[in-house]
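*Asks:* Annotation comment: Swiss-Prot describes Gly107, Pro108, Asn109, Gly110, Ser111, Gly112, Lys113, Ser114 as ATP binding site, evidence class sequence analysis. The coiled coil annotation in Swiss-Prot covers 264-594, 764-1027, 1094-1129. The feature compositional bias 'Basic and acidic residues' is assigned by Swiss-Prot to 15-27. Feature annotation from Swiss-Prot assigns domain 'SMC hinge' to 607-721. According to Swiss-Prot, the region 'Disordered' annotation covers 1-48.
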Amino acid sequence: MPPKKTKTSTAVAREATESPMAERSRAPDALQADPPAPTQESNNELVDSRSLEEILSGIPPPPPPAMTNEAGAPRLMITHIVNQNFKSYAGERILGPFHKRFSCIIGPNGSGKSNVIDSMLFVFGYRAQKIRSKKLSVLIHNSDEHKDVQSCTVEVHFQKIIDKEGDDFEVIPNSNFYVSRTAYKDNSSVYHISGKKATFKDVGLLLRSHGIDLDHNRFLILQGEVEQIAMMKPKGQTEHDEGMLEYLEDIIGSERLKEPIQILCRRVELLNEQRGEKLNRVKMVEKEKDALEGEKNKAIEFLTVENETFKKKNQLCQYYIHDLQKRSRDKEAQKEKIQEDTKDISEKSNTLLETMKEKNKALKDVEKQLNKITKFIEENREKFTQLDLQDVDTREKLKHSKSKVKKLQKQLQKDKEKVDELKNVPANSQKIIAEETNKKDLLEKQKEKEEEKLKNVMDSLKKETQGLQEEKEVKEKELMEISKTVNEARSKMDVAQSELDIYLSRHNSALSQLNKAKEALNTASATLKERRAAIKELETKLPKDEGDLKKREKELESLVSEEGNIKNQVRELRQKVEEARSSLSANRSRGKVLDALIQQKKSGKIPGIFGRLGDLGAIDEKYDVAISSSCGALDHIVVDTIDTAQECVNFLKKQNVGVATFIGLDKMKVWEKGLNKIQTPENIPRLFDMVKVKDEQIKPAFYFALRDTIVANNLDQATRVAFQKDKRWRVVTLQGQIIEQSGTMTGGGGKVMKGRMGSSVMVEISDDQLQKMENKLKTDTTRATEIQDRKAHLEEEVAKLRQATREMKNTFEKYTASLQSLSEQEVHLKAQVKELEVNVAAAAPDKNQQKQMEKNLETLKKEYEKVAEKAGKVEAEVKRLHKLIVDINNHKLKAQQDKLDKVTKEIDECASAITKAQVSIKTADRNLKKSEEAVARTEKEIVANDKSIEELTEDLKKLEEKATTVMNECKEAECSLPEVQEQHRSLLQEIKAIQEKEHALQKEALNIRLNIEQIDSHIAEHQSKIKYWQKEITKISLHKIEDIPEEVLPGLAQEELEAIKDPDQIINQIALLEAKSHEMKPNLGAIAEYKKKEELYLQRVAELDEITNERDSFRRAYEDLRKQRLNEFMAGFNIITNKLKENYQMLTLGGDAELELVDSLDPFSEGIMFSVRPPKKSWKKIFNLSGGEKTLSSLALVFALHHYKPTPLYFMDEIDAALDFKNVSIVAFYIYEQTKNAQFIIISLRNNMFEIADRLIGIYKTHNTTKSVATNPKIIAAKGLAEMQSVGCA
């Protein structure tokens, strides 16, 4: 949407705001002015590059109205204004509440009426100057009573309502809000919306969203400015100025189309300029195209003549091919007759082939068997290696078990020490028993005293419990005596058992250890002996086998080297033989003339012949077409001198063989200066430098044939380099197109010439030389076979020797490494055996003493069991008697019984301590038993370890047995291997014999083949000529001529070829056509140039059409937008002017006013004129009216704009100042009618105005402070009328 223009008055526009203070981050003081539109000059420079769719899509839709005139529609109203220290308002002053429709502010001059408007302007963001102050800090109240006030604040409270009948209305829920602004002493200010801090932009967006016209300020008419709306000029004089046209267009909304229209206009102008340039280019290219048409037609005529020549050449070539094919078929029939004689030789050869297949099959079977045996041997060797690894592992385990013996011995010693410690526990416990027994005795005495006291108490009860008590005392004495006996018996029995166990354990343990040590010693000694013997044997055998291995490896290395050399010789020789055969075959297929001359050279009659020039050199295949097309002398024959050339000519004439052209090398010396390399345009290659020769003296002949012809990649490059400023060059392209130094162009087309020079130099060779080479090849092939057989045999022997040597080295290293450990183990075991024998002797038990100890233990057990049984019976009887006594005396003897119980408890604790000590003795006995058991377990573990050593030793024996079995099987397989190898050699010899027979048959077939080859040479000569003429046909192609249907060379039928009797007639026709074409000298490049110009012309025309279409689319869019803008503007303009007329007639009671277009055809060119006809006067321009008439005209326009685009609020300051009382009344009544859908707040001193208002806000000033009071005149009038009526009635 186009930016808004800067306004020029408070009624129409707004000024820029003061900048805020950065330190408080407060909002700006007023609406920011939009940047000015660019000038016309800058617009012309800045061209919008967007597409048409982007420009049109960027146009916003017409702005919707913020409110409508419909009844029941919601609208905004101001409820009240709160001023705090603002201007003349000291402290907090509430103005209002305002009526929803028509409120008047009245008061004497100087009381602060206009400060109400100023407060609203302050909140709406006006500058201080517009609030009649130089700066914001001046707005803060300052009086004698209120000095040094730091800030002022104004709050304007709003709400949205829906009108109802009369003064009633409905407030829309949650629609209340207020906007406030606070100014400070430092001239900064800050905004709030409903108490939340905000920027002025937020305030502007909020108020605009509710329909307050902050852009045009139609809601605000200040004192003395009412007539300025109508006084605007018809149109702004500058880009930044605003007149009636811009003012109305802003309100109507058509101004949003102004900038897109300007953009489209500039684009149309630019596209017109570009189209003019394109049109000029089209005309220029068309002129150049027409200028080339004459040259093009001459070139087409030349190509037409050449096409006729090519057709005749095609006819002649087809005739030659037909004649040669006929001769070749005759030779083929002769060859078939000879080939029937070769059937017998073929049958013999097939028989030998079948035999060879059988022998080869048998050879494969033997090789399979040989591989199987070899694989079996390798597998067994691998098994032996695995067994060897298991042997090492087992020996390590054995070593670990032996080291474990020492650890077990240490553990056994610890367990024995613990047994000794536990044996001291009974003595300590006996000491505790003695101490607790003494204490118990003292408590027993005390108990007797307490019992005595209890006895006195029990006198009265003595008869009841006397018998039981006496019986209990007897039993307790008996129990004490028996308990001592039981404890003594049990202690004696435990001691006897421990003594017996300890006495017997030492001898058993020592004997077991001795047996294990002896067995380990025997095993270690045997192993050490075996390994020493094996090491001694290996020290003799290993060097011998290593020597044999080195000898065979050296022989094998020599054979491998010789085999590589002989294979390379055979491969190179076979390649040479093939090349010689191919060369001999090619020589046989040469032409008659060249073949006859070569035969003269070989016979020595004419030795100075070198050969055909094309055969004496070679060139990369990339340049084949180029040299074949550009060098006609490739078929010339090179000789040493001119005399030799003359001899050759005489020979050909004499023999009537044919004709040939010769090059004498003695005359070529003048060209030697051209052999050096030269500088070429763009450094492209010279064709002569690309030719390779074997004989350097041939080079001048090639330079004579080629000169300084250079090779270009394509025709464009050839055209570019052919004509230099200082020199013209002969250029040939890789496609065969030639540009002569004269400027003529030849060659090219669909068919190209190639194959006249090979990629290698041809070599002359005889049948004898070929035979010698074949014999040498045969000898070398036989030697290669012999070397291969010997190498295979040596590889087998070397593999076996390497395996055996590797195994012996591993065994030697392993046995040598184990000698030291085995020796140390043997010494250690011998010392251990001696020590254990001494221990066994010392630990041997006395048989008599052992029997005596066992007998004593059995006696003590019986005594203990007998005493324990008797004590148990007495203890049970004591408990029974005690329970009976307690049951009888419990309720009578409680106090004394408690004392007795306490003593008894202490006695029991002593008894418990004694029991614990006794239990400790018993526990010590049990722990002693456990420790002794641990000793026994350790001894068992030592036994198990010894057993493990035995088992590992047994495993070692088994592994050795398995290894022996594997080695025996391997030896058996190795014994059977020579027999199979002998079968293999025998089959190879038989196959060799068959191959010799096959070679004999091949020699026999050679004679027949030579006969066939003679026939083949004739056939090949014919086929070569056929290929030559077929190649010539491939070189012939018709030129493709623009705008003429493409022709194809015709193929002649058999009858047409037979009908040709004299080919010389065709040759003469070809000569006439070639002479005609040589005379024409056309510029063939004109066709391509004409074609390029024609394509360029069509391209330029397409570009012209494209830009024309683009120009037309922008022009249509431009016209459419202009019409849309005009239609939108005129629709709104008609509504406004009609309503203006209606309003003015009503306000003036008969006058007339209208907005008229200065230019009736284009309202945007000259603008809008405001014309008025006051009542009973003629039409006048607004400038010529009186003050009151201007005021009425302006109000009529304001109300017309309100009708077109309603705004909810209006503030007017003494708009009736220039009106008489009659017009004031008319305006007042009109405003009252207009307030049905808007809120009017008017400052007025005219009673005709404020008496009609719905609410009056009275402003008065006392003590330099403005105050206010709100009244409702209609209510007051109604009350006064009611009072008057009541008084009148009274």
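Placed from the backbone N, Cα and C atoms, the Cβ positions cover glycine too.
For each feature listed, report its degree of burial, its nearest neighbours and the pertinent distances within the displayed model.
*Replies:* Neighbours of Gly112 (ATP binding site), defined as other CB atoms within 10 A of its CB across all chains, total 24.
The average per-residue pLDDT of the prediction over the coiled coil (264-594) is 76, rounded to a whole number.
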*Asks:* Cβ under 8 Å, sequence separation of at least 6 from the ends of the coiled coil (1094-1129): give me the contacting residues as numbers and ranges.
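*Replies:* Contacts with the coiled coil (1094-1129): 52, 55-56, 59, 62, 248-249, 252-254, 257-258, 260-261, 264-265, 267-268, 271-272, 274-275, 278-279, 281-282, 285-286, 289, 1163-1164.
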*Asks:* Looking at the binding-site residues Asn109, Ser111, Ser114, which sits with the largest number of other Cβ atoms within 10 Å of its Cβ?
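*Replies:* Checking each of Asn109, Ser111, Ser114, the winner is Ser114.
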*Asks:* Inside 8 A of the center formed by the CB atoms of Gly107, Pro108, Asn109, Gly110, Ser111, Gly112, Lys113, Ser114, which other residues of the chain have their CB, for the recorded ATP site?
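*Replies:* Here the nearby residues are Ile1259, Lys1261, Thr1266.
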*Asks:* Which one of these binding-site residues has the most other Cβ atoms within 10 Å of its own Cβ: Gly107, Pro108, Gly110?
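*Replies:* Per the Cβ count within 10 Å, the most buried is Gly107.
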